[in-house]
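Peer 1: So that we are looking at the same thing, I have put the structure below in structure tokens.
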């Protein structure tokens, strides 16, 4: 377990905060760490910023993540990792497709040749929108409060997909499943970063299993070819207790 110090806590939206800290560790875009919150347990978090000054961006959706968002400069941050394979970052034009907080793990890929499709339920839940110039971003909201009125996969169909060398996707699994349907069969290189229930992060507990693949060890990044035909992707998710729940994907 590594003990670091929080340098800064920046509020991104009503329930999302970015925590900055110094850590001299090489990390690939798309890798993650297991963050330990004393008294609350561990949760997996992707890195939203690399370099010597690193960051994680946290959405408060449960007691552990909510406690993380409350950390202040000087507070302890406990983690282990980094884990996972990370993205295969290609040269040339790239498109990031982030749903909800999914743009967080994609952001370290961004360079001067990168566009971003960012989607959320409503304007107030958009994250990192202002980190991309208007000419390089596509915005979609479910309620139409900002940008395109609709879902990420619907807006993606209006974009010239073939103009990109690579497309990287992260978000809720239902959203990614629909994006996969739009992208399969295209010649562009595509990778998805999956978000699944994780307890150990090192391939022991098997709670993150996806059709025989361990997301924490073999992922969390998968090429589109690995997900096409996977019997669980977009079909089931597993709760922390191990219960399988069918996803509502139409």
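Cβ atoms are placed via backbone N, Cα and C, with glycine included.
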Peer 1: Going by Swiss-Prot, 200, 205, 208 bind [2Fe-2S] cluster; tell me which of 170, 216 is listed for that site too.
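Peer 2: So, going by the record in Swiss-Prot, that would be 216.
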Peer 1: Could you tally the C-beta atoms, other than its own, that fall within 10 angstroms of the C-beta of residue 208 ([2Fe-2S] cluster binding site)?
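Peer 2: Its Cβ shell of radius 10 Å holds 24 other Cβ atoms.
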Peer 1: For the domain 'FAD-binding FR-type' (1-89), report the average pLDDT of the model, please.
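Peer 2: Summing pLDDT over the domain 'FAD-binding FR-type' (1-89) and dividing by its length gives 95.
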Peer 1: Using a 10 Å cut-off on Cβ-Cβ distances across all protein chains shown, tell me which of the binding-site residues (200, 205, 216) has the largest neighbour count.
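Peer 2: When each Cβ's neighbours within 10 Å are tallied, 216 leads.
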Peer 1: List the helix, strand and coil residue totals of the domain 'FAD-binding FR-type' (1-89) as derived from DSSP.
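Peer 2: Grouping H, G, I as helix and E, B as strand yields 7 helix, 49 strand, 33 coil.
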